[in-house]
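Inspection log for the structure reproduced underneath, given as C-alpha cells.
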Amino acid sequence: MYNWWWLSILYALMYIIAIFVGQRWMRKQNEKFELRGALVLWNTILTIFSFWGACRSVPELIHTLTHHGFVYSICDPSFKQGITGLWAWLFMISKFPETIDTLFIVLRRQQLIFLHWYHHASVLVYCFYSYAYFVSTGRWFVSMNYCVHTLMYGYFALRAARIRLPRFFQQFITILQLIQMIIGCMINIAAYYYKQQGYSCAVSYTNIEVSLAIIISIILFIVYIKLKYFTLYGSIPGKSPQFLLGHLLQTGFIYGKYLGDIVREFQIKYGDTFQFFAGPIHMIFVCNPEDVQHIFTHRHIYEQGNLEVDHHRILFNDALICNIGAKYKRHASIILPLFRRGKIVNNLDIIVDCTDKLLDQWRLKTDIDPNYIHLNIVDQCQNLSLAIFGFIGFDYDLQTLNEYSTNKKNKLRLALSDFLKIFLVTIPIPTFLSRIYLKISPRYRHAMITISTYLNQIILQEQRKTPEEIDERKRTSLIASLIGSLQQDEKLEAIKPEQEKKGLSRREVIDELLLFLVAGSETTGSVLAWFIYLMSKNPRVQAKIKVELADKTQHGLTIDQIDSLIYLDYVIQEVLRFIPPVVGTTRTLTADDRLPTSSIQLYKGEEVFIPLNVLSRDKRYWKIDPDLFYPERFQNEDANHHAYASIPFGGGHRQCIGQDLARFELKVIMTRLMQYVTFGDGGVDVNAGGYVQKMTVIPKHIGITVTFD
C-alpha cells in the first residue's frame with residue numbers, strides 16, 4: 001500500500017476527465033436517465049455500510065479517549081489492529097465506489113457543483129495517502145466520516161424515494177460536513193503541536209501540511225453555504241442576511257424586538273414584497289392586501305405552509321393544523337362542525353359563571369385595597385379562558401379559577417406554560433434537532449405527563465357515559481363529538497388508503513384535544529389581556545361601552561342582548577385589528593405563480609409569509625390613522641376597508657377554525673366585565689404595554705386597577 005497509494009491520484013484524474021466527457025455526452029442525448037430505483041438502492045447500500053462502519057469505529061474512538069486520553073487518540077495508530085483495522089481499510093476502499101454518486105448526477109442531467117467532484121477527488125487521494133503511512137489521526141477521520149455519511153446517504157435515499165424531509169435536514173448535513181472538516185483540521189494541528197513538544201506521533205509533517213488544503217476546502221464550504229442558504233434569491237428585494245443567523249441578529253429579533261415592527265421597517269425600505277431569513281429559513285413576506293387575497297383564494301397553488309406543518313407536527317403530531325390533503329379533509333370533516341354557532345351559543349351561562357369567578361377574585365383584592373394594582377392580568381385572562389374552554393370543550397373542570405390553584409399555580413397551567421416555552425424554543429431550530437431536544441428535555445417530558453394525565457382523565461370521564469348520553473351530548477359537546485368519532489377498529493383503519501379512512505384514532509383524538517387546549521386558551525386569553533390594557537388607556541371607549549350596556553342589558557344576559565351590542569362589536573374588531581393575536585401565517589407554493597399586484601414571480605416550493613399585524617397597520621388602507629385605537633372607524637370612514645387589510649384569524653380555507661367561538665367568548669366576557677368594573681391605568685411604570693411574542697402576542701407590561709361600579 002505504501003508503494004501504490006499514488007494510483008489514487010491517477011484514478012482521481014480519470015474521474016474528473018470522465019465527468020466532463022460524460023456531461024458533454026449527455027448534452028447530446030434527447031432525454032435524461034431517471035434511475036430513481038437504482039439511486040434509492042445505491043444510497044441505501046451506502047447508508048447501511050456507513051452505519052455499520054460507524055458502529056465498528058466509534059466505540060473504539062470512545063474507548064481510546066476514555067482509557068488512554070486525547071493525546072494517545074491522535075498519536076498512536078493502534079486502531080489499525082483487528083476489526084477496527086478492517087473497517088479502516090474498508091473506509092479507504094469505499095472512496096472508489098462513492099464516486100458513483102457523480103455518475104447518477106451526470107446521467108440524470110442534474111447540476112454538478114465544483115465542490116462535489118473536488119471533495120470526492122481530494123478526499124480519495126488524502127485517504128489513500130494517509131492509509132499508506134497509517135496516520136494515527138485516522139481513527140478520528142474514519143469515525144466522523146462514517147457517522148456523517150450514514151445521515152447523508154440516508155437522506156439521499158429518502159429523497160430519491162420521494163419521501164419529503166424538512167429543508168433543514170439538507171442544511172444540517174452540509175453543516176455537519178463543515179464541522180467534520182474543522183475538527184479534522186484541529187486534530188491535525190493538535191498532532192503538529194504534540195510532535196513539536198516531543199511526543200511520538202505517527203503522523204508526518206507532510207500529512208499535516210496536506211490538512212492545510214482541507215482548510216481551503218472549508219473556506220469553499222463556507223462560501224458555498226453562504227451562497228446557497230444565506231444569499232438573496234432572484235430579483236425580490238431584501239437585506240443581505242448574515243451567515244447562519246440570517247436577519248435575526250441584524251433586526252434585533254434575537255433580543256426580543258417585536259416582529260411586527262421589524263416587518264414594518266422592511267416594508268418601508270424594500271416595499272410590499274421582500275425576502276426575510278429567520279436563520280437558515282428563507283421566506284418571502286407579502287404585505288399587499290390584493291396579493292394576500294390572491295394567495296388565500298388560490299388554495300390549489302398555496303397550501304398550508306410547510307414550516308408550520310413541519311414544526312407543529314413535532315408537538316401536535318396528527319392534529320388538524322399538521323395535516324394537508326386527504327388527511328386534513330378527514331380531520332376537518334369531524335372538527336369543523338364542532339365550532340358551528342349552534343353549538344357555541346349554548347355555552348353562554350358557562351362563560352358568564354366563569355367570568356363571575358374572576359370578578360369575585362378581583363373583589364376580594366379591591367375590598368382589602370381599593371387602589372390595588374393587578375400585575376398578573378395576562379395569567380388571570382389565560383386561566384379564565386382555560387377554565388371556560390375546559391367546560392365548553394371537555395365538560396371538565398380544569399380548576400384554573402379556584403382560589404387554591406390561583407394562589408399555588410395550577411399544575412395544568414404550569415405544564416401548558418412550559419409547553420409553550422418549549423414551543424417557542426423549537427421555532428427557529430431545524431425539525432430534526434427539535435425532535436432530539438424534546439427527547440432529552442425533562443421539562444418537556446414532565447409537561448407532557450401532566451397534560452396527558454388531564455387529557456386521559458377527560459376522555460375517561462366521557463367514556464363512562466352511556467352511548468345514548470354521548471349521542472345526545474354530541475349536539476352541544478365538543479368532547480362527546482370527538483369520542484363519538486373514535487375508530488371502532490384502529491388496526492383495520494390504519495391499513496386503508498387515507499382517502500378511505502373514517503373517524504379518528506385515540507392518538508389523533510388526544511392530539512386534537514392538546515391543540516384545542518393550547519390554542520383555545522392562548523388566543524382568547526391574549527386578546528382579553530389586550531382588551532383590558534386598552535380599556536385602561538382609553539377611558540372614553542370604556543365609558544361608551546357602559547352606556548351601550550346600560551341601554552341594552554340588565555344584570556342578566558341573553559343571546560339577543562349580546563347580539564344587540566353593536567359598539568362592543570366595533571371594539572372587538574378594533575382590538576383584533578390593533579394587535580392580532582398571531583403575527584402571521586405561512587403558505588407553501590405547490591406550483592409557480594405570479595402575484596397580481598406586485599407582479600412578483602414565485603416558484604414551486606417557496607415559503608410565503610403573510611404578516612397579519614402589518615396589514616392591519618398599513619396607512620394606505622385605512623382612512624383613520626391605523627396606529628390610533630379608535631373603534632368608531634368601523635362605524636364611519638373605515639367601515640368599507642379592504643377585506644384583507646384586517647384578517648386577525650387568517651384567511652382562506654386554512655383560517656382559524658375556532659374564530660367564531662373566540663369572538664363569542666370574548667364578547668360575553670367583555671360584556672360581563674364591563675357590567676361590573678372599570679379598568680384604570682396603574683401608571684407608566686407598570687402599564688407601559690409593549691409586546692411579548694409567545695404562541696400569541698401578549699402585553700409585556702400591564703398593571704391596572706379594578707374599580708367595581
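Using the three backbone atoms N, Cα and C, a Cβ is placed for every residue, glycine included.
Database features, via TrEMBL:
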type	residues	note
BINDING	CYS656	heme binding site
TRANSMEM	6-23	transmembrane segment
TRANSMEM	35-54	transmembrane segment
TRANSMEM	114-134	transmembrane segment
TRANSMEM	140-160	transmembrane segment
TRANSMEM	172-194	transmembrane segment
TRANSMEM	206-225	transmembrane segment
TRANSMEM	419-438	transmembrane segment
TRANSMEM	513-534	transmembrane segment
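Using a cut-off of 8 Å between Cβ atoms, the transmembrane segment (6-23) and the transmembrane segment (114-134) share at least three residue pairs, counting only pairs 6 or more apart in sequence. The transmembrane segment (140-160) shares the most Cβ pairs under 8 Å with 35-54, out of the stretches 35-54, 114-134, 172-194.
The residue listed as 'heme binding site' carries neither a helix nor a strand DSSP state and counts as coil.
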